[in-house]
Each structure stands twice: as structure tokens, then as C-alpha cells.
Amino acid sequence: MKVTVVGAGAVGASCAEYIAMKDFAAEVVLVDIKEGFAEGKAMDLMQTASLNGFDTKITGTTGDYSKTAGSKVAVITSGIPRKPGMTREELIGINAGIVKEVTQNLVKHSPDVIIIVVSNPMDTMAYLVHKTSGLPKERIIGMGGALDSARFKYRLAEALESPISDVDGMVIAAHSDTGMLPLFSKATRNGVPVSEFLSDEQKANVIEETKIGGATLTKLLGTSAWYAPGAAVSVMVQSILCDQKKMIPCSLMLDGEYGESDICLGVPAIIGKDGVEKIVNITLTEEEKAKFAEAAKAVRDVNGDLKF
Ligand code: NAI
């Protein structure tokens with residue numbers, strides 16, 4: 001099956017690389033607006049195929065969407081990333097125009113496509129894709145929770161001094177520094193609640209470090225991260241292409257779930273061959289419910305800046 005990745009920059013190329021390395025897709029098409037850039041990234045990646053042992057074919061194009069025709073999944077990473085000190089929300093002015101145009105081109109050539117939205121501010125960009133693509137809501141999935149949960153698990157394992165494979169945890173709500181909601185009440189170490197092992201101060205640190213996970217990397221790198229975002233997208237793409245039905249927190253259009261409607265926010269869902277198969281309703285504590293509602297309000301304010 002064919003996967004299109006729009007934006008051959010840091011996140012797009014990393015995501016194409018992880019998809020190819022896992023060898024579950026027949027073809028990955030990279031699209032970029034910068035002349036020759038996607039073609040160059042594709043060629044470079046293809047030259048790793050014999051070294052890394054994959055058969056996925058990677059091609060690149062400078063804006064020729066006919067090459068993306070018949071894609072099962074398209075990932076939108078096109079747009080600008082944040083610089084140190086910026087919030088994701090500040091990117092809306094430039095990225096909204098790019099995401100809208102890219103979506104129209106994708107749907108024109110692949111009417112049955114499932115779109116994964118990565119460009120920031122991601123919850124608002126996912127909402128924009130819902131409002132402008134005409135696709136059913138099951139086929140538009142925002143990537144944020146998969147990455148933020150991976151960052152949560154990294155911080156939990158660090159605090160617990162435990163291998164990462166022993167810990168489990170999930171981040172829901174908004175993909176923003178303030179709106180992220182790491183579900184500490186549900187986090188476990190081999191099935192045992194992590195609150196058994198961590199002090200209140202350690203808990204507060206883990207939550208804070210998770211929420212500013214992206215900002216910390218932006219400060220260190222001078223631009224936003226790409227390895228973990230690329231890996232997170234590849235897990236979502238694989239769950240669709242291989243119909244794995246993994247439960248992954250994703251930014252989805254809500255219709256009453258978690259008390260919200262007409263908004264894209266991070267919630268756990270089963271992801272399979274048709275996209276979103278089911279939104280999973282987990283019981284939140286009263287404090288978590290209030291934080292979820294607060295995050296929704298902030299995302300709604302940002303959505304208000306969109307022009308369709
Ligand atoms: P980048 O600057 O390395 O790559 C973006 C690419 O998009 C560039 O190559 C650029 O030429 C291309 N582009 C711009 N306009 C285009 C158009 N109209 N059509 C096709 N390509 C176009 O940026 P990076 O680091 O890859 O980040 C991409 C986006 O992903 C940013 O908005 C960033 O904030 C977001 N991001 C989201 C994450 C998430 O968890 N949802 C995690 C990391 C980044």
C-alpha cells in the first residue's frame with residue numbers, strides 16, 4: 001500500500017525512514033514545495049535500502065500530487081516548526097494556509113485517503129482538515145498523543161529508574177505546553193500504579209517535564225524534534241496499514257465524547273484499516289475532567305482564529 005508524506009523536512013523524512021525500516025508499506029511518496037528537496041531525500045533514503053534491508057520504494061516529488069494518487073494514508077508535516085521560545089499556537093498564520101492547500105491536493109488524488117495531521121498547532125490543524133476536506137471523521141487523525149505519551153513514559157522510567165518497557169502511561173487532551181494531560185492516575189509499572197513508587201514532588205516533576213518535552217528539545221536543538229515525532233507517526237501508519245487495531249491517543253473530532261463536541265482533542269482510540277475504529281472512553285478523575293475541559297477551551301480559542 002502507498003503512503004504519502006507531505007513535507008520532506010525533519011519530521012517528514014524521519015517518518016518516511018521509520019516506515020521504510022519497518023518494511024510494511026509498498027511505497028512512500030515524499031512531497032515538498034522546495035525544488036528537488038523531496039526527490040533528494042527519497043534518493044538518499046533509497047540508498048539506505050540495501051544497507052538496512054528494506055524493500056519499501058521511496059520516491060519524491062516537488063508538488064506533483066498525481067504521484068500520490070491512490071494513497072491509503074497521507075501524513076501532513078508541511079509547514080514551519082517552532083523556534084526556541086515560541087509556542088505551537090504561534091505557527092497558525094502560516095501553517096493553516098499550507099495545511100488547507102495540501103489537504104485539497106491530497107483528497108483530489110486519493111479520495112479514500114486517511115489523513116494523519118502533524119503540522120502545528122496540531123489540534124487546530126486537524127480541525128481545519130475536518131472543516132475543509134469533506135472526509136468522514138474516522139479518516140482524519142491528529143498526531144500528538146502518541147508522541148507525548150512516549151515522552152511521558154521516558155520521564156516516568158527516568159524517575160522510577162526502571163526500564164522503559166516496564167512502564168505504561170498515556171497523555172490526552174491538547175498537544176500544547178499547557179493543555180497536555182499526562183494521566184498519572186493510570187500510569188503503571190508492570191501493572192502497579194506508579195504513585196506507589198513516586199513522591200508528590202517526583203510526580204509533579206514528571207508531569208511538568210512531559211508537558212514541556214517539546215519545548216525542552218526546541219531549546220536544545222534550535223528547532224523542534226524529529227526522531228520521536230517520526231517514530232510516533234510510523235506507529236500510527238503501521239496500525240492502519242497492518243490493521244493492528246492499536247489503542248493510541250490521537251487528536252480526533254469529538255461528538256459528545258469526554259463532554260466535548262466540534263473540536264479535535266487527544267483521546268485514546270482504536271486505530272485500524274479504516275482509520276478510527278472506536279474512541280475509547282476511560283474514566284477520568286474530577287481533576288482530570290476539569291483539566292480536559294480547560295484544554296478544550298484553550299484549543300477552541302485558537303480554532304477561533306481560523307478562516308475557512
Ligand atoms: P521542517 O521545516 O524541517 O519541514 C517542513 C517542510 O515542509 C519543509 O521542507 C518545507 O519546504 C515543506 N513545506 C512547506 N510548505 C509546503 C507546501 N505547501 N507543500 C509541501 N511542502 C511544504 O519542519 P519539521 O521540523 O519537519 O516540522 C514540520 C511541522 O510538524 C511543524 O509545523 C512542526 O511544528 C510540526 N511538528 C508536530 C509535531 C506533533 O507532535 N504534532 C512534532 C514535531 C513537529
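Glycine is treated like the rest: Cβ placed from N, Cα and C.
No curator has checked TrEMBL annotations; they are predicted automatically.
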Among ASN52, ASN95, ASN190, which residue shares the NAD(+) site with GLY7, ALA8, GLY9, ALA10, VAL11, GLY12, ASP32, VAL118, SER119, ASN120 according to TrEMBL?
ASN95
Around GLY9 (NAD(+) binding site), which residues of its chain at least 6 apart sit with Cβ under 8 Å of its Cβ?
ASP32, THR77, SER78, PRO81
Can you see whether DSSP assigns ASN120 (NAD(+) binding site) to helix, strand or coil?
coil
Give me the Cα-Cα distance between VAL11 (NAD(+) binding site) and ARG151 (substrate binding site), rounded to a whole Å.
16
Are there binding-site residues among GLY7, ARG82, ARG88, ASN120, ARG151 that sit within 10 Å of HIS175 (active site, proton acceptor), Cα to Cα? If so, list them; otherwise say none.
ARG88, ASN120
Scan VAL11, ASP32, VAL118, ASN120, ARG151 for binding-site residues whose C-beta lands under 6 Å from an atom of ligand 1 and note them, or write none.
VAL11, ASP32, VAL118, ASN120
